[in-house]
Structure formats: structure tokens, C-alpha cells
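A.B. asks: Handing you this structure, nothing more for now.
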Amino acid sequence: MRDVTPTRAGWLVGLLLLLVMPLPASAQPEDLSAWVDLPPESLRGWKVEASAERIRVAHERPPTPREQVREVLVLLTVAQSSLNWILEGMLPVLRDGRVRVELTLHKLGTGRQEQERMLALADSGQFDLVVGLGSDATRFLYNRFGNQPTPVVALCKAPELWLGFEEGASRQAKPGNMAFVSLSLSPDVQLHYLQELLGPLKVLTVVYDRRNQSTVEVEAEAMRRLAARDGFQLLELAVDGKRSAEAMLSEQVPRMAHAMRLIDPEGRHSLFWVTTSSAVYDELERIDGLSEGIPVLGSVREAVREGSASAVMSIGVPFKSAGQLGARYVLEVLGSRLPASRLPMGVISPPDLAINLRRARQLDVKLPFHFLEQASSIYDLDGRLVRQDGQPAVAPPP
Amino acid sequence: MSAHFLRHGRGLRRARLGALLLVLAASLGGVVAVGLREAQRGYAHLQFERLAAQGAVIQGPVEMFLRVGVALEQFTGFHHLARALREADPTLEAVRVLDARGRILFSEPPGEQSALPLPRRVPSPPGQRFEVTEDARAFRVALPLSDRFGVVGRLELVMSRQAVDLRVLQRFQALFTLLGGCLVFQVAFVLGAQRLWMRRPRRWLGLAFSAGFGVMTLATSLALVDLYSDGLQQRTSSLAHSLARRLNEAARLGLTLSHLRGLDTLLEDYQRSNTDLGSLALIADERVLVQAGSGAGAPGHERFKYTIDLELTEGPWSLPVRLEVGAAKGALDDRLWRGCRGFLFLFVACGLLGLLVLRAFAPLPRRETRPRAFEHGAVDRLQPLAFLGAFLDGLPLAFLATSAEALHPGGGAALLFFAFHGASALAHLYSERSIRDLGPGRFLMGALLLSAAPLLLMAWTGDFRLWLLLRCLSGLGHGALAAGNRAYLLAVFHPQQPPAHGSRLALSRCGGLLGGTVLGALLAAHLGPRAAFLCGGLCALAALAYARLWLPPLDARDKSRGPGPFRASLSWLAPPPLPSSTGSPREHLPALLLVGLPSLLVRGGVLCFALPLWLSGQGEDADRIGQLLALHALGALLCHVLPPPRTARTRRLLQGGVLGMGVALLALGMAGALEPVFVLALGLWGLCHALIQACLKRPRSQGPGEGLARERGPPSITPVVGALGQCLGPLAVSALWHLPSEPLQVLGGLGAGVLLLGAAYFWLTRGLPGREARHA
């Protein structure tokens, strides 16, 4: 048998990836109108015309002669629930804004031809502003549409980390026509909350999906940086997509927990940190069950659930709030003559907290009083949802 | 009743008694009025804090709801929360939630559709989390409602004014009775014991006045303590209510203290936002669960301790928990001291006024028989007018700069002061001819009328251009009054005998400035600027009547005196500001330019313009600003009260004055934010300023030849330079004020400038022969 040289192996892996990568995209519905599903109260005051190619969201009220309509092109890459939450946050702000804005939603697509067509559309002069929703759209606009005359507002996870620029003195200059809104919480803020909950951290295991690029580049990388800075031990548990996650977590979580106990025998200053990879938080029950009493926390709201199979707490950003902030940025850019890049990166604060009191009590985690007041979702000592969206949760009929 | 009757014998005695009783009644009534207004304001402020604490009960849940990203109008549960608040507090008229555009979204009681903004904003200390507006009927406390991105609306709690006023009046009823008794005693003493006090009026009347003032001050202070204590208790109760609600939220989730931490932070937050709370402690079963501050059981300096049972009704909180709040002693002391400072200044101002009245209404001996006593009496009768001139000058000092900046931002204040002092200088320069044509008496009447009318008109207008015009007229009146006063004094004196009572007039002026600054500030703070202008106008009209009836008769002077000597003596009355060494005009000019001009420039720019604006920016009320500015006048008063220095040391005194003034300004510039430094520096500055002016204006000893030479010489340029300094000061300081990041640094720069120029002057004149001897 001939040895497979590393170069040839690389080619083989690349070929395999080319075959595998389009799969998720092909799983996306072709019809754009199926991507967006908004509650009626968000659409109050708007008129929606949807087709397979585009969705047009315009004001119901016709414009007055003095009103100037500003056209905004919204580029989408993936059909997922977060897209709906972001739009749900954006539309009420745009409806009541001082500038009359009308939206046209288009799929960015993954094919070269499709992307060139979108680039031409953005550059056609029909639109006063382009909004990129999601990491792929942001990266595309950053690489292909940077420093163009049309301004851009891009919403994605921690753009500064993976697009390679910094606010202020930059490694790489931010394009003059682009403003960014982060869909993830600042890692420093997350760490602050974690330390307030558990005291000075001794060891933290970050669990992520190495196939989820933004999670690797944003969340795992941020934890590495913070661990180096604050001097706590960082362990990494990476799964390879959903399929292998179950087996890998079943094997690795107890080993990790054991290693953590060696560093922090009582486990009071340690935690498993579940990132936003669905491959990971879908296996939360497993992680929690095998964590040997070490609390599990996450950055995604879905990590906190009813009953005992739940993270103790999640510290994240509600997409709806990010949508609101994105809409404010759109209005700000359209309403001013200054370049979009003068706007600082939009970050949501304070974060959204969801707490499971049952898990907190089982693990003997004492909660700071203001967490309780700040939390938008709370599960009580019996694991039942008692607060949702900041309001007392309505109990389902028996 | 004829003028002759009022000027002589029984008529004069009656007028004197009447004026004395008026001053006594005004001062005792003033104590109660100041106390009453202070109580209304202080008690109202405690009520605002109480309402804000109550409002937090609704603000918390609404903001939690907003943070999730839901629109404000979708909040449910407002009526439940608001109704509970209104049921617990009958003074609460309404609770509303308004959006950013001011539309009412929720209202309890329901039905209100619109809420017009109330006309007046109650000044708030820096860092206050809520805003208060008021009108004649109600107070409105507004708390901001914020989501993650900013303020999206406000929560308003409306409280009836009547509730505050009634409560205060209830507490002050006994005080009114005491005031009546005190007044009766004073009247009985003044009328019944005339034989006793006529011999030594200052001692006995002073004693009676001080006793009455002391009793009223004590009683008013006790009433204030009682009222503030009550207000603090109510506010504490509201805080406890708010805390109980928050703890109940946790209890409703089934959590006990063992599940939670950070309650000490919660209490510390309360303490931080209510700085006068010394300690807070949650106590259950005589055991301190959580505490912030020095603790309920710890030996502290607290004077007041309140215990409120928390109505923890939810979940597992079965233990009766109570909140113990120790109000720091300093909290009440501060509030009381604030009132007492007003009483203290009132005492000084009223005491001075009483003395002036006592002297002014004393019988005037005949010039022919007792010329020295006549001159003394003539000065006594002119002193009230000197007092009035400075009183009117000081009256708007505490609030005019702020009001002008509000009307015309970015230079309005400087323009007003420029107009006033410029017009005053013009009046100084051009009054001479009018005095000769009209005669000093009629000129003085005109000056008083010119002083009264613009002030009365300013009370009724809010247009900046009109204010500018009226301040010009006011300045003309001010200058004319000073010139007329001097001319009148000169006219009643023997032409060859220059009046030697300048320091008494200066004393009256300092007293007037102090009284005017304090009273104007008190009126502006409690009743608004209009009341201060009205008071000034009415005082000037009263002085007009006084001047018509009681000024010393001019026919007593030597009729052979012609206009020539009069002119010369008028220029003498604006004495050349020569220090001892400046015998010739060549030496005189450096003294004026290097010492006199900077001193007046700084006074005009800093005292009239910069400090009121800075203090107002620091959140100080007009009355506090007035009290602080009055320290300058108090320092100057001290300079005139102290025994006069030996003339041979004039140069040393001048050096001391320049040094003291420079140091005071440097201290203000470097550490003016510290109150003790500010107070001391301002007093020192006032003292040194008066010292410099006294040294510069000290009349040279003169032989007959010297006097004649001065009569023939050119008129002095001193008043022009003085007015120039006062004029240009506000303009110069306003140009510099915003240059550094911390405006007070400008004062440090000015202090350094004063020191440098003073040093230059003393260096230039260091070798002049016989400089000390010339002063002898």
C-alpha cells in the first residue's frame, strides 16, 4: 500500500469538503418567502410583497410629497430563526423612525454568479444603503463592497475578531462605508458575569463545534485570549459536527470533568461553557448529566430549559435587541452625511440572562440578587418557566 | 404731616421709632419667612426623593420589560402597580407613563389623555436620577424609562403642592404665635423703655434685637428639625416599601437568603443614591442579616434611626424582617446649616440696617453751634443712601448672570454687566454739570428714581434686549446715586473742610452689598428673580421718600461757595488712588494700571460673572450662591470694621493686599471645588480687595497749598479706570472662561497675573525717596 503524502491528503480532504459544504446550503429552501415568518404585530404598519426571489417590505401609508423614501437592500444568507428575530426587532424601529425606509430582502446565495448579481444590484444606485445579515453576508460585503459609495450596515457575531479590524487604532482599517453591529456579547462582559456568579475562575472548559467557523473564530478564540489574560485554566472540547457530537461528548465530558476536579476539587470556580453551536447545545442534557456537578452555562438562550436537564444560566444577546440596534444604525447612517464607519461597533448591553433556579439550587450556586432582577427568563425551583420576556409567564391550562 | 414736623422734635422721634420697629419686624418676620421657605423647599425635596423611591417600584419592572426589546406601550401590569402606590399614599394625585414624544401611554387614575409640561423646572443637584417640574398647583417627579439603547419614555408621579404646604404650615403655626409674641415684646421694649435705651441705644436695642432674633432662630430651627425628621421618616418608609417589593419578587420564586447573595450590594446601591442615609440593615429575629454602612448596631454618629417592618408576604420568608435605617447626622445638619446660614447673613444685614436707621433718625444738631456733630450727623443721614446704592448693586448678583445666560446664551451675562458698569462710569463722568444745574438734592432724587424705575420694569419683562437697556439705565442710576451722594455730602460740608467720614460710607456700602446679595439671592431662590427686582425697586422708592424728608438741609452750608470749588471738590470726592509713593502723575499711572485696574477687573469678571455661573453649574441654588458671594462683601466689611492701619505702613498694606488677593485667586483656581477653601479664599479676596481700594483711595495729607493745587488740577482719572475695570472684567473673563477644561483654572491664571503685575509695580517704585513719609 502506498503512503498517502500530506499534500495529497490535503487535496482529498479539500475535495471531500467541496462535496460536503454545499449540503447545508442545498438544505435551505429555495423560495425566499419561506425564509421569513414574522408575527403580525411586527408587521403592523407595513405592507409585504413576497416572491421566491425577493421580499419587499414597504410602509402601508403612502408617502407625503415632502417625504423622501430611502431604499434599503437587505442581503440574507441563511434561513434560520435568528433572522426572523432580528427582523422582528428592526421593523418597529424603522416604522417609527424619522427617515422613511423601505426594505428589499434578497438572498445573497453561495454561487459566484448569484453573488456577482447581488453586487451589481447593490452598486446599481437603486439603493441608499445595504444591510448584511449574518456572518457570510458581512464577510462578502467587507471583501467585495468595502469603501464603495453606498453605505453598509452589517450585523454578525463579533465582526472585529474575525474580519481582522479593531476599533480605534486598527490592524486593518475599517472600510469607510461600513458600520457594524455585533450579534454576540463582548467576551469581557461575559467573563465579568461569570466571575460575579462563581468568583475568580480556576478552570473553564469551552465546548464548541470545530465545523462552525464563527464559533471557533469568535467564541473559542475569545476564551483563549481571556484565559491568557486573567490566568485561569482553559480546556477545549471540540466536536466534529452533529453526527459525532454524541459519541465525542459521552467520552470527553467525564474526562474533562475529572481534569477540572483535579484543578478545582470542589468545582465551585469551574464551569462548562456551551457555545452557540447547535451541535453542542442540542447535546446539553448529555453534557449536564456527565459534568459531575460542575455547572454548565452558555451563551445561547436555548441552553436554559425546563426541568433539570438545563444549563444553570445563559448570558447572551437577544437577536431582537440586536435587530433594534441595527435599525437605529440604519436610520443614523441615512439621516447623516458622515461616513458610516464613524459609528462605533454596536454592542448590546446589558446582556440577556436566562436562569434555571432548580439547577442553581441543585449545584449550590448562589445567585447575585441583581441577576434575578435582570433576567428576562426564569425557571423556578421546580424547573417551570415563571418569567418570559420580562413578564410573568402565563401557565398553560391544565 | 409736614416735612418740618418729621425732621424735628417729636415727629423725628416718632419716625425713628417707626423705622426701628419696621426694621425689627422685618428682621424677625424675615427669619420666619426664610425658615418657612426653607422648610417648604427642603420638605418638598424630601417628598421628591420619597416619590422617586416609590416610582422605582414601577420603573424597575418597566425597564426589565423594555430591555427584552418589547415596546413600552405593550407593558402590562402598570395599573396594578400604580393603584397600589396611590392607595398607600393619598398625596399622590396621579401616576403616568409617557413615551419619548410626551404622549400618555398609561395613567392612573385612567382617563388623562395629555400632560402639558409644567412651566418651571426645580433645580436639582448633580447626579440626581429624576427631574422635578412644578406649577402653582402641583409637583411632577419624572423618572426616565430606558431600554438597552437609551431613554424611551418617562414615568411621572404627580403630587399636590397643597399637601406639602399644609404640612409645613401645620408645623409652623406655633412659630407664628411666637413671632407675634416676640414682636409685641420688641414693640413694648422700644416704646416703653425709651429712657433706658436712649442713653445707650446700641447696647440695649442691640441686646433686644439679638435676643428676639436668637429666640426666633432657635424656634425656627427646631421646627425645621421636626419637619425634616418627619420627611426623612416618610422617605425611609418609601425606600423600605421599594426594597420589600424587590425582595418579595425573589421570595415569590421560592428563594430565601441562603439562595442569594449580593443583598449588601443592593443596600449599598440605596445608600449611594440616598447619600444622607448613614446605614441600612436588614434584621430578622434580632440578628443582622445584611447591612451596608456602619450598621444598625454599630456605635455611629447617627442621630435618627428608623425601623420599618418589611411586608414580606411571599414564599418562604416567614421571619418578620425589618429594615433599620440610620440617617446620618450630617444629613440633617447639612439641611439645618443651610437654613442657619441664611439666618446668620440676615442677622448681619438687619443689624447693620438697624444701626443705620438708629443713626439716620438721630436729631441733627445745628451747624452753627456744633459743627463737628452736625457733620457727623450729616454723614449718618447719608449712610442709608450709600447702603442703598450698594444694596441695589448686590441684589441681582447671585442670579442675574444665570438668568441672562438663559435668555441669551454665550455672552448675555457679560453684556449685561458691561452695560451696567459702563453706564455707571458715564454717569460718574457726566454728573458734575447736572449736579451744578439741578442742585445735589434734586439730582439725588432723580438718581433714586432712575435706580427704581428700571428695577421695577425688569420685574415685568423677560426680553434680553429690554434687560440690556434697563441695566444701562440702572447703571446710570447707580453711578448718579454715588455721585449725587458724594456731591450732597460735600455740599453740606464746609468748602475748606473736606469730609473725613469716607470709611463710614464705605462701611455702609459694604453692608449694603452684603445685604443686597443675600436678600436678592433669598428672594430669587424662594420667590423668583421678579421678587428681587420688585424689592429693589420698592426700596429705591422708599429711599426717595427718605431722601426727600430726612436729608440734612443744604441751606446749612456756606452760600458763598461757588461752582468752581464745587467742581474741584467733586473731583476730590473721587479721590486719586495714589499709594503713598505716587506723588506725580508719572508714578500715579503705574499704580492705577498695575494694581487698581487688575483688582477691579477681576472683581467685575469673577465675582459678578464667572462665579455665579460656575456655582450654578455645580447645582447650587441662588440663595447658596448669594451666601457664598456675600463672603466677599463680608471680607470687605471686615476690612472697614478693623481699626485703621497706621498710614506709614500703607505700602506694606498694599503689598499684603496684592499678595492676599493673588493667593486667594490661586487657591480658588487650584482647589475652589473644596468648600472650605472656596469660603476662605472668597473672604480673603474680599478683605484684600477692600484693602487695596482703601490704600489707593487713601486721601493724601494736605496743606492749604496742596488743596488749592488739586482744585486747579485736572479731574482724576481714577473713577474712569475703576469703571473700565468693572466693565471689561466680565468681557475678558467670559472670553477666557471656556478655554481650559476646568473653568476654575482661569481664576488661578488671574491670580498669577495679579501677583505678577503687583510685583512689577512694587519693583518699578522700589527706589522712590520718602515714599512712606508722603503718607504720613
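Heads up, the Cβ atoms here are built off N, Cα and C, so glycines get one too.
Automated prediction, rather than curation, is the source of TrEMBL annotations.
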A.B. asks: Taking B:22-42, B:463-483, B:505-525 as the choices, which stretch does TrEMBL tie to transmembrane segment?
C.D. replies: B:505-525
A.B. asks: If we call contact 3 or more Cβ pairs under 8 Å (sequence gap 6 or more), are the transmembrane segment (B:531-551) and the transmembrane segment (B:382-401) touching?
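C.D. replies: These two segments touch.
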A.B. asks: Could you name the stretch, out of B:172-192, B:204-225, B:443-462, B:505-525, B:591-613, with the greatest number of CB pairs under 8 A to the transmembrane segment (B:342-361)?
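C.D. replies: Stretch with the highest Cβ contact count: B:505-525.
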A.B. asks: Quickly jot the same-chain residues contacting the transmembrane segment (B:382-401) by Cβ under 8 Å, restricted to those at least six beyond its ends, or write none.
C.D. replies: 352-353, 356-357, 359-360, 413, 416-417, 444, 448, 451, 455, 474, 477-478, 481-482, 485, 488-489, 504-505, 508-517, 519-521, 524-525, 529, 532-533, 535-536, 539-540, 543, 546-547, 551-552, 607-609, 612-613, 616, 622-623, 625-626, 629-630, 633
A.B. asks: Within this structure, do the transmembrane segment (B:172-192) and the transmembrane segment (B:591-613) have 3 or more Cβ pairs under 8 angstroms, counting pairs 6 or more apart in sequence?
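C.D. replies: Judged by the Cβ rule, the two regions do not touch, with the required three close pairs absent.
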A.B. asks: Any chance you could find the range in B:172-192, B:413-431, B:443-462, B:505-525 with the most Cβ pairs under 8 Å to the transmembrane segment (B:204-225)?
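C.D. replies: It is B:172-192, which has the most Cβ pairs under 8 Å.
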